[in-house]
Every structure is written in structure tokens, then in C-alpha cells.
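S.K.: Take a look at the following structure, please.
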Amino acid sequence: MAGAARDTPAGEQEGYRLSMCSKLCYAIGGAPNQVAGSAASFFLQIYLLDIAHITPFHASLVLFIGKASGAFTDPIAGFFISKSRWTKIGRLMPWVLACTPFTMVSYFLMWYLPPFVSGRVAWYLTFHCLFQALTTLFQVPYSALTMFLSTDQKDRDSATAYRMTMEMLGTLIGAALQGQIVASAHVSPHCTVNPSVNTTDSWHDTPSIPDPSDPLSHQAKVYMIAAGVIAGVYLLGIIVLFLGVKERDDPYALNSDRAIPFCKGLALTMKHGPYVKLTASFLLISTAVQLEQGNFVLFCTHAAGLRNHFQYLVVTILVSAAVSVPFWQKFLQRFGKKCAACGISWMIPFAVMLVTIPNLILAYFVAFVSGLSIAASLLLPWSMLPDVVDNFRLQNPHGKGHETIFYSSYVFFTKMSAGIGLGISAAGLEFTGYKPGICRQSDDVILTLKLLIGAVPAILILLGLFILLFYPITEESRKETKLALEELRRSHQSTENLDSHKKDTSV
């Protein structure tokens with residue numbers, strides 16, 4: 001059963017090594033969030049536009065405000081979690097357990113097509129915001145749990161690699177399940193024939209999908225079935241996490257340490273140079289990845305003539321990403337984390353090729369290379385963030401509780417950037433005249449989709465990698481930090497033992 005080693009002696013804490021089973025259970029626990037997040041990233045925008053039939057402007061509001069609500073929940077969650085008292089099952093685990101059932105319900109209702117039309121925007125806005133906020137309440141304590149599994153950097157890096165591999169498998173499962181179940185909702189015999197260059201307006205305006213005003217229509221049913229299946233994955237993940245992972249009470253803090261006040265800790269976090277550079281870099285990179293994910297299905301459907309292949313291309317991306325995580329873990333261990341970041345840029349030339357030369361074989365090759373880049377972009381920040389926390393810990397040795405501040409504020413910035421990116425992209429489709437459910441969009445819409453898949457992500461990735469060049473933590477400094485923290489713990493333990501001996505002698 002899940003528990004915690006609150007009173008474990010310092011020597012035992014230092015010698016404690018994570019088992020492969022514990023790492024695997026920790027990794028499985030985070031997979032459901034990625035299963036649901038993947039399905040939403042790839043399919044929510046096209047669902048809102050072509051199934052719910054809300055305008056691109058309203059879709060942009062749903063996407064942006066939903067992401068923003070999740071982002072603003074991050075510092076709030078960090079504040080309350082940092083104030084949480086220790087329980088029999090830990091300090092972080094109760095938060096993960098408590099929010100899971102509500103997350104399942106909100107996720108299902110986010111894909112439910114209500115029978116009314118006028119209030120659909122409010123419906124999807126409400127449940128998307130609720131889902132994003134609840135996933136934040138899950139993700140912040142879950143990701144911060146990395147710092148409470150072991151004091152060893154290799155153990156934490158290994159646990160992070162296990163987590164990233166399982167999360168990529170979760171992302172794959174989510175997109176594959178959703179894609180296979182809902183594919184029939186986006187296939188129409190009216191749109192299977194490629195039109196000539198001089199297409200008529202009547203063909204442009206031919207509906208590819210009937211208006212699903214009936215919540216029991218085929219299109220609505222398949223999306224609800226997919227939502228129910230994915231919501232059920234949360235239950236499996238939380239049981240494995242609870243039974244297989246033991247939270248250990250702040251193995252980094254000295255026994256005399258006091259928690260850093262949240263506002264003070266947040267101010268110190270924002271002034272910590274390595275954290276600012278890491279966050280700024282991956283803020284841009286994660287926005288690029290979100291733009292790719294959010295617009296890829298729309299691009300395949302309306303701009304590349306790959307309407308009947310989008311679900312297989314999505315699976316190709318995610319299989320490539322999932323199987324490449326162990327490769328990236330070995331790569332960063334041998335060549336360093338900053339060097340591994342170069343892999344994020346691999347997708348740029350191939351994405352530009354796909355935009356300029358739409359071709360089925362090229363599309364699958366682009367999907368494979370994009371998966372490699374996405375895996376690197378997901379693994380690296382979560383592998384580098386513990387190093388930043390250790391660096392901060394060395395500079396502020398007599399404070400505790402800052403871990404959740406780092407993790408919550410990082411997720412806040414990445415979610416805000418993703419929300420802004422998705423909101424702007426949907427608003428761009430509105431501005432260029434996107435029409436829900438028709439066979440062929442206008443040339444302006446097609447050009448916008450090409451920019452959102454090719455040029456815009458390329459610029460954001462290059463800017464992010466440029467900022468990462470100034471990230472100061474190297475492999476050598478990581479080793480120095482590890483030795484310094486171990487020496488700090490040993491010296492403090494020696495002092496405590498000496499004080500205890502003096503008290504015993506005086507008695």
C-alpha cells in the first residue's frame with residue numbers, strides 16, 4: 001500500500017534506490033492525463049468546429065480560456081499544496097486521489113453534445129475550463145512527486161524517463177483510441193474525390209458532415225464512446241499509482257528547515273536565472289508543439305488532401321515519439337541535456353517540406369521525424385527541472401516546500417503559452433473565413449493552416465533553442481551540485497548527532 005517514509009534516517013534516505021517496479025508504477029500513474037490530453041490536443045478543435053458546429057471565434061475562446069483556467073489554477077494549486085500537512089499517505093498523494101473522479105466526469109461532459117444549440121459555447125467553455133483546472137490539480141502534485149522519490153539524480157532522471165515513456169505511450173493510446181473510434185465521424189462520400197483547380201462554389205459549400213443537432217447522431221455517439229473509454233483509463237492509473245508508489249517526506253530538507261512562504265518562494269523562483277531561461281525556452285517550444293498537435297488533423301483534412309489518413313498519421317507521430325524516449329534518455333546521459341535539445345529542431349525542415357509538397361509518403365516520413373522531435377521536447381524540460389530545483393536548493397539551503405512552486409509555475413507558463421497559441425490559431429481561421437463542415441475551405445484558410453503547421457512552429461522552436469544556449473547548468477555543474485548537497489546533508493547530520501550527544505551527556 002502507498003505510504004511514506006517520514007521518519008527515515010538520513011543515511012537510509014541517502015542510500016535508498018528506487019526499484020524498477022516503483023518507477024513503472026509512478027510512470028503508469030501519470031499516463032491517464034496524457035491519454036486525455038492527447039485526445040483533446042488532436043481532436044477537440046475539429047470536434048468543436050465540425051461536430052458541435054460552433055464558430056472558429058467561439059472555438060478560440062473555448063480553447064484559450066480553458067487553457068488559461070488551467071494555467072491560473074497552477075499557482076493556486078502550488079500555494080495550497082505547499083501548505084498541505086503530511087498525512088498517512090503523504091502530502092501530495094491525497095491531491096492526486098481526490099481530483100481524479102471529478103476529472104473523469106468533466107472529461108466525459110466535455111465531449112457530450114447537448115441537445116440545445118444556443119448554449120453550446122457556454123457548455124463547452126464550462127467543462128473545458130473545469131477539466132483543465134482538475135488536470136492541473138492532478139499534474140502539479142504528480143510531477144512534483146519526482147522530487148520525493150529519491151535523492152539520487154540518476155534515480156530521478158531514470159524515473160522521469162520511465163514517466164516520459166509511459167506518458168508518450170499514453171499519448172499514443174489516447175490519440176489512437178480517439179482517432180479509430182471517431183474516424184467515421186469525419187469521413188464523407190461527398191469529399192472523397194479531389195476537385196479540379198477550378199472548383200465550383202457549390203462543391204466548396206457542400207457539407208462534408210451533416211449538422212449533428214441530435215445528440216444521438218452517429219457523430220455525437222462515437223465521440224461520447226471515445227470519451228467514456230478514455231475517462232475509464234483514469235481509474236486504472238490512479239489505482240496503480242496509489243498501490244505502487246511511496247512518497248518520502250522531503251528528503252532534501254534539513255530537519256530544522258521551515259517552509260518558504262509561497263509569495264516569497266514565487267519571487268525567488270522568478271529571480272532564479274536557470275529557471276527563467278529554461279522556462280522561457282520551453283515556453284516557446286511547447287507552444288510550437290501545441291500548434292502542431294492542435295492543427296494537424298485540420299491540416300490533413302482541409303489543406304493536404306489526407307482526410308482518410310489523418311488517424312494513421314497521428315498514430316505514426318506518437319509511436320515514433322514513444323519508442324524514441326529511451327533513445328533520448330541514453331543520448332542525454334552520454335552527451336548532455338543541452339546537446340540533446342538539438343533533436344527538437346529535426347522536425348522543422350520536414351514539416352516545411354510537407355506544407356510545400358503535400359504527399360502521402362512524405363507525410364508519413366514527416367510524422368515519424370516529428371515524433372522524434374516531440375519526444376525530445378517532452379522529456380528534456382522535466383529532466384532538467386529537477387536540476388534547477390537542486391541548484392536553487394544549494395543557493396537556499398534552509399528552506400523547504402519550494403518544489404511545488406517550481407513545478408506549478410512552470411506548468412502555468414507553458415499552459416498560458418499553449419492557450420494563447422491555440423486561441424490565436426483558431427481566431428486566424430475565423431478571420432480567413434473557415435466554414436464548419438464543408439468539403440473544401442477557401443485558399444486563405446488553407447494558407448493559414450500551412451503557416452500554423454510549418455512557418456510558425458519553426459520560428460518558435462528556433463527562438464526557444466536560441467534561449468536555451470544561455471542555460472547555465474552543465475553536466476559538470478550538475479555533478480558539483482550533487483556533491484555539494486550530499487556534503488551539506490552529511491555535515492548537518494553530524495551537527496545534529498553532536499547536539500544530541502551533548503544533550504544525553506548533560507542529562
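Yeah, the Cβs are placed from backbone N, Cα and C, and that goes for glycine too.
Annotations per TrEMBL:
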{"type": "TRANSMEM", "residues": "92-113", "note": "transmembrane segment"}
{"type": "TRANSMEM", "residues": "125-149", "note": "transmembrane segment"}
{"type": "TRANSMEM", "residues": "222-245", "note": "transmembrane segment"}
{"type": "TRANSMEM", "residues": "310-328", "note": "transmembrane segment"}
{"type": "TRANSMEM", "residues": "340-357", "note": "transmembrane segment"}
{"type": "TRANSMEM", "residues": "363-385", "note": "transmembrane segment"}
{"type": "TRANSMEM", "residues": "405-429", "note": "transmembrane segment"}
{"type": "TRANSMEM", "residues": "449-473", "note": "transmembrane segment"}
S.K.: Tell me if the transmembrane segment (222-245) touches the transmembrane segment (92-113). I count contact as 3 or more CB pairs below 8 A, with pairs 6 or more residues apart.
M.R.: yes
S.K.: If I count Cβ-Cβ pairs under 8 A between the transmembrane segment (340-357) and each of 125-149, 222-245, 405-429, 449-473, which range comes out on top?
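M.R.: Checked against 125-149, 222-245, 405-429, 449-473; highest Cβ contact count belongs to 449-473.
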S.K.: Would you mind listing the long-range same-chain contacts of the transmembrane segment (125-149), meaning Cβ under 8 Å and 6+ residues beyond its ends?
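M.R.: Same-chain contacts beyond the flanks: 18, 22, 26, 29-30, 33, 36-37, 40, 44, 61-63, 65-67, 69-71, 73-74, 77-78, 81, 90, 92-93, 95-96, 98-100, 102-103, 106-107, 109-110, 155-156, 159-160, 163, 241, 245, 247-252, 382, 386, 389, 403-404, 406-408, 411, 415.
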